Amino acid sequence: MDSSREPTLGRLDAAGFWQVWQRFDADEKGYIEEKELDAFFLHMLMKLGTDDTVMKANLHKVKQQFMTTQDASKDGRIRMKELAGMFLSEDENFLLLFRRENPLDSSVEFMQIWRKYDADSSGFISAAELRNFLRDLFLHHKKAISEAKLEEYTGTMMKIFDRNKDGRLDLNDLARILALQENFLLQFKMDACSTEERKRDFEKIFAYYDVSKTGALEGPEVDGFVKDMMELVQPSISGVDLDKFREILLRHCDVNKDGKIQKSELALCLGLKINP
């Protein structure tokens with residue numbers, strides 16, 4: 001392709017790109033339909049401040065450039081990462097996409113991260129705590145970052161994920177950042193099956209949350225179980241709510257008061273009798 005004829009695209013930050021992307025992917029599926037491309041590019045060009053007189057001409061060129069350089073999938077869906085690279089710098093692209101390319105496997109893993117960065121146990125992640133999370137994230141991916149850039153990216157992430165604009169992230173905001181997979185407990189219907197089926201399901205559930213394989217749930221394992229249990233009846237929970245329910249669960253289930261929930265203790269709480 002003759003590069004002299006390609007439109008030169010400006011650069012947005014991740015927050016600007018996300019603002020446009022959400023218009024087309026409101027429920028965060030991670031893709032838009034190919035038929036929406038024209039409208040998407042039009043909104044992006046408007047966001048970049050493209051002059052109205054050249055916008056329509058550029059629209060065709062930008063779409064042509066995308067279709068030529070990207071291996072668009074055959075299912076008519078355009079993934080976020082296929083479009084983000086056209087408008088974002090490498091670091092901004094990483095900020096937006098790391099969550100989709102490194103999804104968490106379980107709520108236990110999620111709660112380990114939550115407890116680590118909610119250092120003051122306030123039930124929220126402050127801007128300073130988010131900065132620490134991002135610093136560790138860049139280090140983990142072997143990416144060098146200056147303190148000035150780190151400050152800038154912290155602000156960008158707050159713009160994207162702090163939905164109520166109170167300057168801090170709650171449990172649900174962080175779950176969106178980390179692309180937590182679907183609630184494990186949704187696949188079970190404990191009240192709609194036989195005793196044997198309930199016992200079998202209980203074994204699967206306990207094995208899933210007992211990540212350390214000690215025969216007891218402790219620390220983030222209890223947190224992960226509590227989070228998923230609560231979200232079955234209340235889709236949006238806060239860190240403060242989670243801590244309260246965790247305390248109630250331990251009070252009722254932790255019979256020997258060791259701060260853990262043994263397998264037999266949890267079974268008793270759920271009204272099951274299991275073989276020792």
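Using the three backbone atoms N, Cα and C, a Cβ is placed for every residue, glycine included.
What Swiss-Prot records for 12-47 is domain 'EF-hand 1'. Under the heading Ca(2+) 1 binding site, Swiss-Prot lists Asp25, Asp27, Tyr31, Glu36. The annotation domain 'EF-hand 2' is assigned in Swiss-Prot to 58-93 on the grounds of sequence analysis. Residues or ranges marked as Ca(2+) 2 binding site by Swiss-Prot: Asp71, Ser73, Asp75, Arg77, Glu82. Sequence annotations record features per position, and here Swiss-Prot assigns domain 'EF-hand 3' to 105-140. According to Swiss-Prot, the Ca(2+) 3 binding site annotation covers Asp118, Asp120, Ser122, Glu129, on the basis of sequence analysis. Here Swiss-Prot flags 149-184 as domain 'EF-hand 4'. As annotated by Swiss-Prot, Ca(2+) 4 binding site applies to Asp162, Asn164, Asp166, Arg168, Asp173, with the evidence given as sequence analysis. As annotated by Swiss-Prot, domain 'EF-hand 5' applies to 197-232. According to Swiss-Prot, the feature Ca(2+) 5 binding site maps to Asp210, Ser212, Thr214, Glu221, an assignment based on sequence analysis. As annotated by Swiss-Prot, domain 'EF-hand 6' applies to 240-276, with the evidence given as sequence analysis. The Ca(2+) 6 binding site annotation in Swiss-Prot covers Asp254, Asn256, Asp258, Lys260, Glu265.
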Message = Within the domain 'EF-hand 4' (149-184), count helix residues (DSSP H, G, I), strand residues (E, B) and coil residues, in that order.
response = 21 helix, 2 strand, 13 coil
Message = Counting other Cβ atoms within 10 Å of each residue's Cβ, which of the binding-site residues Glu82, Asp173 comes out lowest?
response = Glu82
Key: Cα-nearest neighbour of Asp75 (Ca(2+) 2 binding site) within the listed binding-site residues, Asp25, Asp27, Glu221, Asp254   = Asp25
Ask   = Which one of these binding-site residues, Glu221, Asp254, Asp258, has the sparsest Cβ neighbourhood, judged by other Cβ atoms within 10 angstroms?
value = Asp258
Query = Which entry in the list of binding-site residues, Asp75, Asp118, Asp210, Glu265, has its Cβ near the fewest other Cβ atoms, using 10 Å as the limit?
reply = Asp75
Residue with minimal Cβ packing [other Cβ atoms within 10 Å] among the binding-site residues Arg77, Arg168, Lys260 = Arg77
Query = Using the Cβ centroid of Asp118, Asp120, Ser122, Glu129 as the reference point for the Ca(2+) 3 site, which residues of the same chain not in that list have Cβ within 8 Å?
reply = Tyr117, Ala119, Ser121, Gly123, Phe124, Ile125, Ser126
Remark   = For the domain 'EF-hand 1' (12-47), the distant same-chain contacts (Cβ-Cβ under 8 Å, at least six residues beyond its ends) come to 55, 58-59, 62-63, 66, 72, 76-80, 83-84, 87-88, 92-93, 95-96, 100, 156-157, 159-160, 176
Task = For the domain 'EF-hand 4' (149-184), could you work out the same-chain residues 6 or more beyond its ends whose Cβ comes under 8 Å from its Cβ atoms?
result = 13-15, 18, 28, 91-92, 95-96, 99-100, 102-107, 110, 113-114, 123-127, 130-131, 134-135, 138, 205, 208, 227-228, 231-232, 236-239, 242
